[in-house]
Structures are given as structure tokens and as C-alpha cells.
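Trainee: There's a structure below that I have some questions on.
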Amino acid sequence: MTDLTPREIVSELDRFIIGQKDAKRAVAVALRNRWRRRQLDSQLADEVMPKNILMIGPTGVGKTEISRRLAKLVGAPFVKVEATKFTEVGYVGRDVDSIVRDLVEVALQLVRERRREEVRARAQDAAEERVIAALVGDTASEATRESFRRKLRDNLLDDTEIELEMTDQGRGMSSFDIPGMPGSSVGMINLSDMMKGAFGGQTKKRKILVKDAYKPLIDEESDKLLDDEKITSEALHAVENDGIVFLDEIDKVAKSSERGSGDVSREGVQRDLLPLIEGSVVATKHGSVKTDHILFIASGAFHIAKPSDLLPELQGRLPIRVELRSLTRDDFRAILTDTEASLLRQYEALIGAEGVTLTFTEDGIDALADMAARVNESVENIGARRLSTILERVLEEISFTAADKSGEAVTVDRAYVESALEGLVGQQDLSKFIL
Ligand SMILES: Nc1ncnc2c1ncn2[C@@H]1O[C@H](COP(=O)(O)OP(=O)(O)OP(=O)(O)O)[C@@H](O)[C@H]1O
């Protein structure tokens, strides 16, 4: 857990998110409150409930991004769920407890990854021994082994095929989404756990290139060095004390005088969510989880429903209200240029991987920001997400041809942007589909 001060948290968030000062401050305070609670004696600490947050603002202005970055910054388990998911017809059981179960899966992966890092050096040595054994056999002399070790370390054997006895498990496929299920986090199945259950610790012979063998071998060797029980209890602890749940579209489950039918199921979702937010115990297959100190960040545009349309009990549990503003053309420009790993830098690097130097001129960036603002105004305001669709369109040609253009340079200026978007902007029908 972090001991960053609110000011420090905000300045970290500033590296990635433009504007939205109030929201940044609110999440920073919520996080600091956790640290403060930890300084109290346990009796009082148990009494202090987290101050959950309601973020109000249009789509694509940074609500999720602020929450996700915050979680990442402090290594907290994080899930995003759409509240409307639980009103869907045919959604079996409408089981809001799955939010907590998903959070546990996320935490298990986080903790495992962290612990793996700690035993990495030892696991690396063990993996190397196994590769050498696969190359030269068990009976080779020490001199042979050493000569192969040197070649290995000089990457001379990268493309040699070896046969290895490996755990028969879909590593790296530990979870997947069920297609067609919105709300990315809920509805995940943990495949590797299923496999573990089904196959136990069975192993299988596999043919594999030396360079591809390291990652799975290191994972396997580190898992041998890890204590599963400790990881589980650490993960449960992380969920209970550091977990963050981002509940999107909360406004869509609010009662609204302007809508008739369906209110029953919407209110039902709020009732289902309430115990989670108020604090209850959820059973998961890894153990039970107390939800009292999980931080909930609810979010919605509240175009039609108002926060006061939520159940009073729910309103009471979301005492911190922050509004996020619509993004302006200048915000778009800043998002393109002033954020770490901004879209421009990503594209420069991606096209750069083909040996093509991509540069954006100042007036080219102006043009991108202008276009994003214009299309948002004339078609639909999807916030900063518009930047991705515009850029994708502007760079479509170079994305397709870069592979044949190694050594060349491409400069994106205003003329380039405008010619790529010619005929699209301004024409409602066209831009609706293409931008
Ligand atoms: N203020 C901002 N600064 C930098 N990037 C932003 C900002 N707002 C949005 N973005 C980018 O736009 C994308 C969408 O933002 P985000 O997911 O936060 O939307 P949101 O406000 O949560 O909307 P929704 O409720 O529809 O999910 C993200 O890729 C994010 O990086």
C-alpha cells in the first residue's frame, strides 16, 4: 500500500490525464483515507468506512482512466463493471457478487506476478538449467554444459528446437471474456484454474524453440518457489483493504420519472448492489471476502436521471460527488502532446517499428484537435475517444503501407490531416460511420 500524499497522487495522475482536477483530488483523498485508517488502532479502524465516490460526467472524459491509473499507481486490485449488465434479460442470476469474485481473480494475478518477480532470479537460473539439460542431456560433462551455457547467454541457440517436459496448462490464458458479454470484467472464467482442477499437475512433452522456452519455464519454476496458500491469503487481504471497484453507468439503473417500464429491475440492481457497498461478506472459492473497505467509484453521465434518483441508501454510500467536464479542443491538444504514452507517441513508435520515421508538426496536431472537437460537436460527443478514431483514419494509409517503406519519413501536417479526412468531416452521414 502506498504512502503517497494526495498532492503526490494528483501529480502522478497529471502525467496521464489532462484536467479533471476535482476528480483527481477526490480519488487522491479517498486513497489517503485508507492510509490514515491504517494508522488507527484496529477497533477504531473497523469503524471507519471508506468514502465512496460518485463521478458525474459525459462519456470519454477520463472517469475510468483516472480510477484505473490510480489503482495501477498503488498496485491495487481493480475491476470495472457496468451496472446495466445486471439488468440484462437472460443474465443468469443477476449475481452482483461476481464483482467481488472477479476482484479476487485480479488480485491473485497481481500478487502472483509480484511474488514471481521476487523469485525471478532463482527461477531464471532453474529455467536455464532445464534448457541446458534439454540441449545436452543429463549425462553431459560439466565442460559441455558450460560451453552451452555461454552459447545460450550469447543468444546463439535461440532458434534451436528442444523438447521439454512442461506442466500441461494454458499459461498466459488464465482468463478470457465470454464473447458478447459487455462489461469486460464480469463474466470471466478462470481457465487455468479449471485446467488445474481437471488435469492436476500433469506434464506433457513439448517441442519448443529455446527463445520461446524461457518465459513458460521461468513462470513454471517461479510457481514452484511460490507458496499458493500465502498468495491466496495475501490476495484476499488486498481485495478487502485495497480493492477498487469502478461501477459504470450507475445512472442507467436509477429510477427516472421519464421512463416507465423497467424501473423495477433497475431498482432491483441498486438493491442488489447496496449490501456490497454497505459492507457484507461474499463467498468466493478462495475464501470469504469482507467488502466493507473496498472503495467503490460509481460513475455516470446523469443526462436524464439525477443522482437524487438513486435509492437514498445508495446516495448515502456515495457521499463524495465530483463532476467531470466535457473536453475542449485545447484539452484534446494537450491529451495528444502532454500525456505520457500519448496516442501520438504510440503511433510514432508503432510506425517506427517498421523503420519509418513518423512526425507530427505543430499545425498537424492543431488540425487533429480541431477535427476531434468538430466531429464531437456535429455527430456525437464521445470525448477523448474521438482522438483514436480520427487518428486511425488519418494514419490508415501509412499504417497499411509502412511495411514497404522502411527508411522513409512521413510528416503529418495540417494538409496531411485535412486531405485524409476530406469529404468526411462536415458530412454528417459519412462521419457518423467512419469517424
Ligand atoms: N482527461 C483526459 N486526459 C487524457 N486522456 C483522456 C482523458 N479523458 C479521456 N481520455 C482517454 O479517452 C479514453 C476514454 O476515457 P475513459 O475510459 O476514462 O472514459 P469515461 O469517462 O470513463 O467514459 P465512460 O463512462 O463512457 O466509460 C481513454 O483511453 C482515456 O485515456
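Note that Cβ sites are derived from N, Cα and C of the backbone, with glycine treated the same way.
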Trainee: Given that TrEMBL lists Ile18, Gly60, Val61, Gly62, Lys63, Thr64, Glu65, Glu313, Arg385 as binding ATP, which residue among Asp242, Asp248, Asp251 does it place in the same site?
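Mentor: Candidate in the recorded ATP site: Asp248.
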Trainee: Can you tell me how many other Cβ atoms are located within 10 Å of the Cβ belonging to Val61 (ATP binding site)?
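Mentor: There are 26 of them.
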Trainee: Look at each of the binding-site residues, Glu65, Glu313, and point out the one with the fewest other Cβ atoms around it within 10 Å.
Mentor: Glu313
Trainee: Got a sec? Which of Ile18, Lys63, Glu313, the binding-site residues, have CB under 6 Å of any ligand 1 atom?
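Mentor: Near the molecule: Ile18, Lys63.
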